[in-house]
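> Could you have a look at this structure, given as C-alpha cells, before my questions?
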Amino acid sequence: MAQLYYKKVNYSPYRDRIPLQIVRAETELSAEEKAFLNAVEKGDYATVKQALQEAEIYYNVNINCMDPLGRSALLIAIENENLEIMELLLNHSVYVGDALLYAIRKEVVGAVELLLSYRRPSGEKQVPTLMMDTQFSEFTPDITPIMLAAHTNNYEIIKLLVQKRVTIPRPHQIRCNCVECVSSSEVDSLRHSRSRLNIYKALASPSLIALSSEDPILTAFRLGWELKELSKVENEFKAEYEELSQQCKLFAKDLLDQARSSRELEIILNHRDDHSEELDPQKYHDLAKLKVAIKYHQKEFVAQPNCQQLLATLWYDGFPGWRRKHWVVKLLTCMTIGFLFPMLSIAYLISPRSNLGLFIKKPFIKFICHTASYLTFLFMLLLASQHIVRTDLHVQGPPPTVVEWMILPWVLGFIWGEIKEMWDGGFTEYIHDWWNLMDFAMNSLYLATISLKIVAYVKYNGSRPREEWEMWHPTLIAEALFAISNILSSLRLISLFTANSHLGPLQISLGRMLLDILKFLFIYCLVLLAFANGLNQLYFYYETRAIDEPNNCKGIRCEKQNNAFSTLFETLQSLFWSVFGLLNLYVTNVKARHEFTEFVGATMFGTYNVISLVVLLNMLIAMMNNSYQLIADHADIEWKFARTKLWMSYFDEGGTLPPPFNIIPSPKSFLYLGNWFNNTFCPKRDPDGRRRRHNLRSFTERHADSLIQNQHYQEVIRNLVKRYVAAMIRNSKTNEGLTEENFKELKQDISSFRYEVLDLLGNRKHQRRSFSTSSTELSQRDDTNDGSGGARAKSKSVSFNVGCKKKACHGPPLIRTMPRVGGAQGKSKAESSSKRSFMGPSLKKLGLLFSKFNGHMSEPSSEPMYTISDGIVQPHYMWQDIRYSQMEKGKAEACSQSEINLSEVELGEARGTAQSTECPLACSSSLHCVSSICSSNSKLLDSSEDVFETWGEACDLLMHKWGDGQEEQVTTRL
C-alpha cells in the first residue's frame, strides 16, 4: 500500500522516509502580483491605484490574479469591505465574475449596491478575464443573486434585489411528470434535486416572503405544507425539507407575535383568501385564517398566545371571569346547564332568536349541552346492557325493549349530525379526522344491529333453547355487533378530554401510541405468519380427532390442550395466545415416539417466543415511550392545537341542537325549505327588473365591503412586517456579539486609515514604493534591523514606480514630534517607556479624527495636532529607518520650524501643494529605507496585542459611535 505514495529507494538513510511533493501544483504568483494583492489586503489605496496604472501600460501585473485561497483582488476588497478599492478596481475593468454572489454571501450591503450599479464601459480595452470555468466557482450554476440573498435571509440585500425586479424559477409540483422534469432528472438527478432544494430554500426565506408576498401568512402556510409533503417524496433530503417547513411555521407564528391589539388580531384571523366566500356577509368573523392554519397543521401558529387569547374570549362568551371562579362553582354551573339542556333545546326549536335560543348558540353552552346529551346516551346503553327490563332469553326474534326504543332517537341523531358535517365540510375533510371514522364505524354497527333485529323479529317466531340456535343466527350476530358498538361509544368519550389541560396531553399521547401499535403489527404479523406456516407444516401429519381426546374436546380451549398446530388458523391462534403465557409446552409433543420432530417443534416454538416477547414487545414499548416523550416535550403546543380543533367545531353555525333534538324539524328549517322550493320550482317574473337591481346593489355593497376588509388587512400586514423586520435586525445584532471577524475588520480599518493619514501627512512621497512578498519577510526584516543596530540587510523587494516626484512635502508635524521622542538609538528602556506615556491623548485625538472621516461625529476644533504620528508608527524605528542623520542640518531645522494645522491637511494639498521649505533629500539607499519603513508599519499592524493595548480608548470610542449610527440608520430605513 505504501508504494502508492512513494518510490522505493535503495540507500538506507531514506528507507524509512516518505518523500512528499505537491501533486496538483498551481500557478505561482509573481512578486508583483503578490505585492498587488497584499496592498489590496492592507487597504493601501495609492499603491493599488499605481499598480493598476502600471498594469495598463506595462502589463507587468495580472489584475485578475488569485491568491492560494482562490480570491481575486475584487473578492479580497469585498471581504475587507473596502468600497474605495472596489470602486477603483471596477473602474479598471477587473473581472467581476461571482463577485456579486460573494458580496451577498458576505452580506456586504455597500458592495452589493456598488456591483448592482456597475456597468462595464463599452469600447474600452478590457483585461482578459479568468475563471471562466464554472467548475472552479464557489457557487453552482443554478444559484442566482436573489436565491443566495434569500439563503442568507438578509432583508436589506433582498430588498435591493427585489427592487431590480429579479425573478426566481417557479418549482414544479411534487410529483410532476412533465417533459422538463423527467429529462432533467434523467440527465442529472443530483443536480435536479439540488436545484429544487435551492429554490425552495430561497422561497422559504422569511425576509423574501415578507417583502414579495401580498399575504405572507397564507404563503408561509402553503409553502410549509408543500415542503412537508416534499420531505416524504425526497427521502434523501428529508431533514433539509423538514427544517425549511419548520422555518415557515415559525415565521407565521413570529409574524402573529407582532399583533398589538385585538382589532389587528381579528382582522388577521378573519381574513379570507377566497373572494367568492368574502362576498357572503354571513361568513364574516368566522376565523377563516385560523381554519386554514388548522388545515395545514400550523400548530405553532394556532398555539400562539395571542391567538389562544382571542379564542378563549370567544369560547367563554357570556361568562366573564369564568377562569377566575372556584372549581366548585364551575362544576355546579356545568351540571345545571347540563340538566336543563332539554328545555333549552325546546326553547330554541320554538323561538331561535329568543334569549334562551341565543343562549344555547354560545359555543361554551353548546359544548355543555352536547356533552350532557352524550352522557345520557351512555347511561341508556348501560341500562340496556344490564337488562333491567326482563325478557324471555329463548325468543329467537325478540321485540325492542323500552330502553332500546329510547336509544333509537339518539342513534338517528348521531347519523344525521354526521351527514350534515360531511355535507358542510366535504368528504375529504371529513375522513381526515380520525374521530369521524370512529363515529362512522359506531353508527354503522348500530344500523347493522337494528337491521338484524328487524330481520330476526320478522323471520323467526316463537322461542327455542338458545343452545340449539345456529351459529349465524341474526339475533346472535346483532348482539355481538351491539356489544362492539357499546365499546366504541364509551371510548368516544375520550375526545372530550381535549378540553381539559390535564387529560388533554394524555389523550394525544394515546393517539400517537395507536399509530406505533399499527406499525408494530406489520412486523409482528410477518413473524407470526412465518412461524405459523412452519409449525403447521411440521405438525400437520399428527392431527387427531375429537373422539380420541379427553372429553371429546379438540383445540387449545380444552382443559388439556391438543392439536395446537394442526391447522393454519389454529396455529395462528396458538401463537398469539402464547405471547400472554396461555399455551403449555406439551402441545409440541406427539403420540408417536418421534423425538427429533418434538425437538425441532419445541425449538421453533421457543424461538418464536424469544423474538415476539424479548425483541418485538420491547421494541413496541420503546416506540410508545418515544411517542409519549415527544408529546410531553411539546405538550403545550400539541394540547392547544387539539383543543382549538375541538373549539372550532362549536364556533361554526349549525349543529346547535344536540341529539336527539337535532332530528326534529324547526320552524326555521321549514322556512328555508319553503324558500328553496319556491325559488326552484315557482320562479317569479320580474318585468321591472327590481330584483335584478336589488341583487346588483347588494352585490356592489358586498364587494365594496370586501375591498375595505382587504385594505384593512394589508395595512395590518404592513405594520406586522415592519415590526418583524425591526425585531429580526435587533435580535441579530444582539446575538452576534463580538467575534473574531470584528477584530479583523477593525484591524483592516486601522490599516486603511494608517495609509490615508500617511498620504495626508505627505510621508509617502518617494519615487519608489517597496513591498515585501509576504508579511513573514517583513517581520524578519524588522527583527534583523533591530538586532543589527542600524545595519541594513539586503532583501528582495518589489517596487511600483510613482509617476510624480515632489520636492516639497507636508512634513513638519512628523518632524516636530520626532526630536521629542529622541533621535538616537542608545536610549534606555525606561526612557522609551516614559516617552510613550504621552501617547494616550494623541490616540484619543486619532479616534476623533477617524470618527470624523466616517461621518459619525461633528468636526472637532481645528487646533493644531502635532502628535498624530505617535499613533501611526513607532518614533524610534521611524527615526532609525529614515536616517535623518545623513541629512543636512539646515534643511532639517527648517522643516522642524514649519507648522501646519491638521485640519488643513488634505490629499490634494499633500500631493500638489509645495511648501516653502524643501524636504530632506533621500539617502543613497532610499529604496531600502522605504522598505524598512513598510516593515515597521507591517510589524505594528501584525502585532494585534500592541494595536489593541495602545489604541484601546480610541477604538472603544469609535465602535460606540459606529453602533449608535447603525441603530439610527436601521430605524431610518424601516
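Cβ from N, Cα, C; glycine included.
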> Do you know which of 56-76, 434-454 Swiss-Prot annotates as transmembrane segment?
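Swiss-Prot lists transmembrane segment for residues 434-454.
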> Just checking the record here: does Swiss-Prot list PHE221 and ILE508 under the same topological domain, which would place them on the same side of the membrane?
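Both on the same face of the membrane, per the record.
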> Looking only at C-alpha atoms, tell me how far CYS553 (disulfide bond) is from GLU421 (Ca(2+) binding site), rounded to the nearest Å.
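Their Cα atoms are separated by 52 Å.
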> Considering only Cβ pairs under 8 Å, which range in 364-384, 405-419, 434-454, 477-497, 513-535 makes the most contacts with the transmembrane segment (604-624)?
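Looking at each of 364-384, 405-419, 434-454, 477-497, 513-535 in turn, the most contacts to the transmembrane segment (604-624) are made by 513-535.
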> Tell me the Cα distance separating ASN436 (Ca(2+) binding site) from CYS178 (Zn(2+) binding site), rounded to the nearest angstrom.
37
> State the non-local partners of the transmembrane segment (364-384) in its own chain: residues 6+ outside its ends, Cβ under 8 Å from one of its Cβ atoms.
315-319, 334, 337-339, 341, 344-345, 401, 403-404, 406-407, 410, 486, 489-490, 492-493, 496, 499, 650, 655-656, 658-660
> Report the listed stretch (405-419, 477-497, 513-535) having the maximum count of Cβ pairs within less than 8 Å of the transmembrane segment (434-454).
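Maximum Cβ contact count belongs to 477-497.
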> Using DSSP, would you call ASN436 (Ca(2+) binding site) helix, strand or coil?
helix
> Can you list the residues of the same chain, besides HIS172, CYS176, CYS178, CYS181, whose Cβ falls within 8 Å of the Zn(2+) site's Cβ centroid?
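Residues close to the Zn(2+) site, other than HIS172, CYS176, CYS178, CYS181: GLN173, ASN177, GLU180, VAL182.
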> Of the recorded positions CYS176, CYS181, CYS558, which one sits closest to GLU418 (Ca(2+) binding site) when you measure Cα to Cα?
CYS176
